[in-house]
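Quick look at what TrEMBL annotates:
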{"type": "TRANSMEM", "residues": "A:20-37", "note": "transmembrane segment"}
{"type": "TRANSMEM", "residues": "A:77-97", "note": "transmembrane segment"}
{"type": "TRANSMEM", "residues": "A:131-150", "note": "transmembrane segment"}
{"type": "TRANSMEM", "residues": "A:156-179", "note": "transmembrane segment"}
{"type": "TRANSMEM", "residues": "A:186-204", "note": "transmembrane segment"}
{"type": "TRANSMEM", "residues": "A:242-262", "note": "transmembrane segment"}
{"type": "TRANSMEM", "residues": "A:301-323", "note": "transmembrane segment"}
{"type": "TRANSMEM", "residues": "A:357-375", "note": "transmembrane segment"}
{"type": "TRANSMEM", "residues": "A:407-431", "note": "transmembrane segment"}
{"type": "TRANSMEM", "residues": "A:451-468", "note": "transmembrane segment"}
{"type": "TRANSMEM", "residues": "A:475-499", "note": "transmembrane segment"}
{"type": "TRANSMEM", "residues": "A:519-539", "note": "transmembrane segment"}
Amino acid sequence: MSTFPTLLWLRFRRDRVQIAVWILLFVVLEVIAHAAVTETYGDEAEREGVIRLVILTPAILMLRGTPQGTQPDAFQYFLLFGFLGLMAGLMSTFLAVRHSRADEESGRSELIGSTEAGRITPLLATTSEGVILNVVIGALVGGVALAYGAEPLGALLHGAALAAVGIAYLGVGLACAQIMRTSRGANGLASAIVTLGYLLRAFGDATGTVQPDGLSMEAGWASWLSPIGWGQAVAPYTHQNAWPLLLCLGLAGVLLAVSIALQSSRDLDSGIIPERSGRLHAPRTLAGPLGLAWRLLRNPVIGWVVGGALFGAFLGAVGQSVIDLIDSPEAQQVAGAVSQTLAALTGPGAEGTMIDLFTTGLFALVGALAAIAGVQAVMHARQDEAGGTAEIVLAAPVSRLRWFGSYLVVGAATVAAVLVFAVAGAVLGLIGSPDVGDRVSIVAQAGLAQLPAALLIVAVVALVFAIVPRLSIGLGWAVVLAAVVFGQLGGLFGFPDWLRDVSPFTHTPVVTAAEVDWTAAWAMLAIAVAGGALSLVLLRRRDLALGG
Amino acid sequence: MNTVIQTRGLEKRFGRVRALDGLDLDVEAGEVHGFLGPNGAGKSTTIRVLLGLIRSSGGSATVFGRDPWNDAVELHRRIAYVPGDVSLWPNLSGGEAIDLLTRLRGGMADKRAYLARREHLVEVFQFDPTKKGRAYSKGNRQKVALIAALATPADLYIFDEPTSGLDPLMEAVFRSEIATALDDGATVLLSSHILSEVEHLCDRVSIIRAGRTVEAGTLAELRHLTRTEISFAGDGIGTAQLDAIPGAHDLAVDGARVRFTADSDAMPEVLAALASLRATGVTVNPPSLEELFMRHYHDELEQPAASSLEGARR
């Protein structure tokens, strides 16, 4: 065990930038949410109104969680915790895989394993890093709550719940790394489990039972299958249950024990699920840079498109419940407040029926999804370049234009495909609702409206790659994050206009406006095409930047 | 003879690091040219400039008389390249990667010939093409690039430390496959830091150090710069007689054996002198590049500053 401190130090040393970014992200989101609650819903009556409406709206319950009364801190917890739990889950699983399976795959584990460290100490060091990071984030988030005037025990439980959810998913990440043979496979399985946890909780919360006070809910059974659901069940400002924390820690403990058992019995570089053998010859489609880019990105692209279609179907289907809601007498009194919230998501000048506002508002999130998918495709060019596979392709008679152009084409096609399938999903979900024709027309326009902004973001990331290749992964995702936070969510968070205007999404046409103005859309499309072309020209002029 | 590759005063700077600092290289058509130097001397950087993957900061470089940066795609139709550290796509099988690289090079035009050639190479290199890219060892990844490079004819083959991951058996296979390619009139540039490999394969050699050419010529010319090592049993031979051996350097009596070195072109006189001494147990070690190499790099070991060039390769 004498190597343990060194290995732990090594992990923090490798992750220092990522850790700083994650911590900042958690703290900033927590601060923003507290500030928003104080500012937007400062009045008890306002909070009560929103909660009464939310309880009637499964879609919002799915996105947020189960409300626990009008107490401001409980209200903030209801708004944000589910999302923070999802983030903590992704952060922890990525961390676990990065220091286990990814190391094994790259051969670093072999190097470490040949020293005194052996097989188990690196695993324990990874676990410790993850636990420490989650505890620090929990403490900071609890600290923010305390600073905003939460009562100490509540703030403590608040932070502990977040840390516990993160630690539970740390165990998931470690176990996935044992099972899968590659870090890609392990990350894929782990993030699927985290997402499933979020969705189970979403389903459970949407099917929860309303308490007699009419202002709080008890989650349905499905939420009890999810660590994020356990974290929500802590209800730190009302029920103050500490015991769901034990569920999280127990799950983490079991998965850690399983991981240790597997780690000590299996061969280095082997998985539980065996690797299939590959083809003897390349299929006809794998003939040029475009075929190669498609082959490398096929699986993730299919994943994004399916995600878009499911999200669209969800939007369409819950649309019906929104219509029912609008007709209900309880809704009439708070409809104004909700329209306001939805309009903030949709953009300035939005008007029209509640259902249209709802659909187009949530289509803004589909736009973000499409942009992320497109950026991921384009970013693969950088992985290709840093990993050395671009070198052998470009040493063949393949121009830079054809090589990177292929990634741009796949990226742009991915953006379009995610939007098209989301619209198709929404149309399927809308079947059976009255006025289908009008609904479909609005949904199709809402999908189309997202295209220019998403393409523009892809083009900006392409330019980043062409100009500063070594920074493209970090800077590229920062561009996407900034665009989504300032644009899509800027209205909800109440950011100043000049900041929101930075994001292409802010200029997305508002299709529910009386007069839909497509000027900005055409302008963004033109800029996106010009940016993509410029990135190809600039790429032609720079050295291939290998490594790092 | 036609010049295939020519560089004059080639320079490449990465920030403040000078990876290439006035490199001259001449490769003639139909020869195997050895490109020798220790790690970090600038071999891979030179090759990447010649392939137009990076742009030179100064000096000139031509390949087949054309500019490697501006005419990269045209030139690549005639070139087959095997990098020093081959990276493969993790989810493509070795066989798929070979086919893909061949298609990129336009080598599928004569599909039947290609398939026959590929099958032959897969067999002689004892390569399993059905594994996924991530499952291959360094040597097997190298085989993917080697098979793809050798499966379709090229005018110029560029190998960056081609045998660094191969075992001696596979090295022999590599040599015989190179010989086949040469019969078809190809030119080969082969970088290495392994002297025996270069001595086996190459007609001419350029030795570089810290981004600059320090020695170039045929193996015979370079051997002239080196000395032959001779030793024999020294029983009953006096110092005066030893001093009479013409052209002997570094003479040393080591127990019962006498050792010395001689200039390679002085060998006839040395052997005559040994015969007249009736020397027994004579061993003669042929001149090797090793000595030349060591001589050029000896003082580098005393200049740690040069090691900073290691970073420049990345």
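Just so it is clear, glycine is given a Cβ too, placed from its N, Cα and C backbone atoms.
Counting Cβ pairs under 8 Å to the transmembrane segment (A:519-539), the top-ranked stretch among A:20-37, A:77-97, A:407-431 is A:407-431. Using the rule of three or more Cβ pairs under 8 Å, pairs at least 6 apart in sequence, the transmembrane segment (A:186-204) is in contact with the transmembrane segment (A:77-97).
Cβ atoms under 8 Å from those of the transmembrane segment (A:407-431) belong to residues 290, 293-294, 297, 301, 304-320, 359, 363, 366-367, 369-371, 373-378, 380-381, 439-440, 443-444, 446-448, 450-451, 454-455, 458, 462, 532, 535-536 of the same chain, restricted to positions at least 6 beyond its ends. Panel annotation: around the transmembrane segment (A:475-499), residues 32, 36, 39-40, 341, 343-345, 347, 364-365, 367-368, 371-372, 375, 378-379, 382, 453, 457, 460-461, 464-465, 468, 505-506, 508 of the same chain, lying at least six beyond its termini, place a Cβ under 8 Å from a Cβ of the stretch.
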